[in-house]
């Protein structure tokens with residue numbers, strides 16, 4: 001039976017009716033590449049409210065949708081007979097009112113569809129497609145049906161009924177029957193017409209709760225006649241508090257399931273299914289006590305603890321100043337008041353260390369949420385947050401959407417970090433911006449912590465320094481009065497002139513040589529993974545490039561007997577390293593630039609006694625790899641961590657005394673207005689990993705531009721001096737934090753069509769946007785082609801004190817189906 005979709009609801013129609021009887025609902029239907037709000041009838045006896053997740057018929061399928069409003073009157077020109085009923089409510093009241101408002105705001109602010117925001121915010125599995133199933137209608141099936149279908153023309157129908165009768169439930173999926181029965185469609189149509197079978201759509205299923213069996217001790221009576229195995233089973237169960245998961249009990253005794261069943265028949269134990277949350281498994285942590293606070297830490301806590309309602313706090317503390325302890329003190333206060341806390345970190349690699357410290361203080365009240373979890377673990381973490389108990393969730397940017405009850409505090413640690421901005425998927429949201437809006441809606445304080453605050457956060461709090469809801473708190477010294485590590489700048493031009501061809505300067509070589517003797521550990525930071533930045537022919541100059549992108553391929557060394565690879569870091573294309581030049585067949589190929597693999601190769605050659613661990617996105621892809629590598633390092637199984645940006649983000653390893661920056665210039669030479677800020681933040685953060693323990697630290701930065709303003713600011717740990725130089729340049733050009741930016745980018749396989757589309761969008765924006773808005777471009781992106789798609793863009797720039805609303809519907813009408821439009825509000829990069 002084909003069911004036509006309900007008529008499309010009228011755009012702009014008011015769905016927020018206040019009458020008590022509201023027989024229709026506007027449902028945002030989950031359709032691929034489309035956001036459709038459709039009107040459905042609410043069946044008698046079914047309670048539906050805004051934010052419910054419902055199953056609705058749409059054509060010949062059943063889809064998931066979100067109720068966005070209920071109404072007493074139909075939109076004009078919408079006949080009641082066309083309205084189909086909602087099938088069922090999958091999750092009732094899933095969105096709290098303030099959460100619902102957050103999603104609406106996010107869709108509007110980031111210029112995207114509400115359904116896109118909902119798909120991103122929900123855990124996996126809540127809006128999945130249903131499947132069609134065929135069920136035997138036993139009441140209508142005549143007993144002599146085999147005789148009736150004995151004709152050869154009825155062979156398909158006979159096969160269907162035979163299969164259905166062999167099924168315990170009397171039904172199979174349409175997909176399964178199609179595989180088993182040739183010519184299924186005609187035979188099934190015949191059976192449906194006779195009403196011997198039914199066709200139905202199984203409601204969309206969320207990721208299901210895990211329901212293993214729990215064994216509970218009911219009676220421990222020695223007078224019962226028991227076998228030795230049964231008695232031992234009861235003793236094990238009693239010693240474990242009277243309750244154990246069945247699987248655990250079978251291993252602990254050990255015994256078989258029949259032994260447990262026999263005890264249940266005697267009435268000594270009960271066996272029942274019980275939900276077991278698939279929370280991320282973490283090692284046990286010893287409890288810790290709060291240390292003595294420094295005067296600055298005490299002042300910070302005294303300022304934040306009394307805050308009620310929305311407040312924004314910028315906690316600016318130098319590396320090693322004890323920001324995390326301030327977080328812990330304030331979190332303890334919030335938990336004591338029955339409130340929950342959300343803690344966001346920029347990288348998965350940071351969650352193990354931070355989680356361990358929180359769990360040592362707060363035990364099992366701490367949960368984690370990030371992209372490294374399985375779908376089941378994500379789903380169950382959401383379920384745990386909905387139970388209503390006060391708790392702490394620690395996670396990466398996606399954790400901002402966890403529905404914590406009675407939220408009392410949001411913390412963004414390392415708030416300056418670019419990883420808080422989503423750039424690979426729509427919407428291109430920034431977790432800091434969303435956190436600010438969520439804190440406003442839920443009326444709780446927001447703490448932004450960093451040793452190198454973003455210029456936006458710094459400017460906001462100082463521009464509103466008389467606002468009682470804005471607070472600037474500073475931790476200017478390290479705990480226990482430990483000094484910041486001295487920073488030595490090495491001019492690599494001088495090294496080359498004096499005959500040093502190594503990637504390590506003589507100063508760094510000396511420090512590395514002393515590391516083993518002093519039984520200390522260190523970090524080597526390089527801004528690129530892989531071995532070499534590009535491969536070029538020394539005979540003809542040919543550079544090996546990606547066939548899909550306008551970029552060179554990076555050389556990656558493969559361990560063991562594997563062949564060396566050339567890999568694209570944009571589309572992940574990989575090919576075997578050729579032995580001769582593809583252009584002129586010359587065997588003289590040269591590798592240029594350095595990555596983490598090349599650094600470790602040089603270490604092995606020059607310092608064979610030093611043990612190292614590579615810590616980059618190539619070595620941490622596997623689940624749990626971040627923790628495993630850091631634990632290995634903390635146990636003293638390596639002398640050096642060699643890695644990329646991950647090493648700069650809040651790692652607190654007391655045994656590190658040396659930090660070496662192999663090539664600082666790779667952070668500075670970008671055609672982007674944020675280049676200096678990012679370079680200063682990265683170099684300052686990685687420098688701050690040294691000297692956090694009892695032993696003093698040292699930092700060696702290798703560069704070809706030692707007089708660069710960023711290098712000089714990092715040398716003296718001078719954040720205030722850096723921003724005093726950087727902010728006037730931003731203000732002069734009206735770049736953030738003084739101006740606002742929106743990047744519109746068109747992508748497609750036909751370059752001329754992409755260019756033509758972005759030019760038409762630019763003309764439209766010039767016509768419709770206020771004169772105070774500046775349109776820069778259109779122009780090709782700095783990398784014109786990625787993954788075989790050409791990229792053209794324009795930048796909308798305007799003063800931060802005005803509000804600009806893009807003519808989205810008009811812009812979308814300009815874009816043909818072959819051109820994808822990406823809108824990035826507040827872009828962190830305009831390349």
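Cβ coordinates come from backbone N, Cα and C, glycine included.
In Swiss-Prot, the feature motif 'DEAH box' is placed on 413-416, out of the ranges 413-416, 417-420, 421-424. Taking Cβ pairs closer than 8 Å, the motif 'DEAH box' (413-416) reaches residues 323-324, 327, 343-346, 350, 354, 432, 448-450, 452-454, 457, 649-650, 681, 685 in its own chain, all 6 or more past its ends. The 10 Å shell around the Cβ of residue 546 (Zn(2+) 2 binding site) contains 24 further Cβ atoms across the protein chains shown.
Of all the binding-site residues listed (317, 320, 322), 322 has the fewest other CB atoms within 10 A of its CB. Within its own chain, residue 537 (Zn(2+) 1 binding site) has 543, 581, 583, 584, 586, 588, 589, 590 as residues 6 or more apart in sequence whose C-beta sits under 8 angstroms from its own. Same-chain residues at least 6 positions away in sequence with a Cβ under 8 Å from that of residue 549 (Zn(2+) 2 binding site) are, in sequence order, 568, 570, 571, 573, 783, 785, 786, 787, 788. Across the fold, the C-alpha of residue 540 (Zn(2+) 1 binding site) and the C-alpha of residue 324 (ATP binding site) stand 55 Å from each other. Annotation note: residue 323 (ATP binding site) sits in a helical segment as assigned by DSSP.
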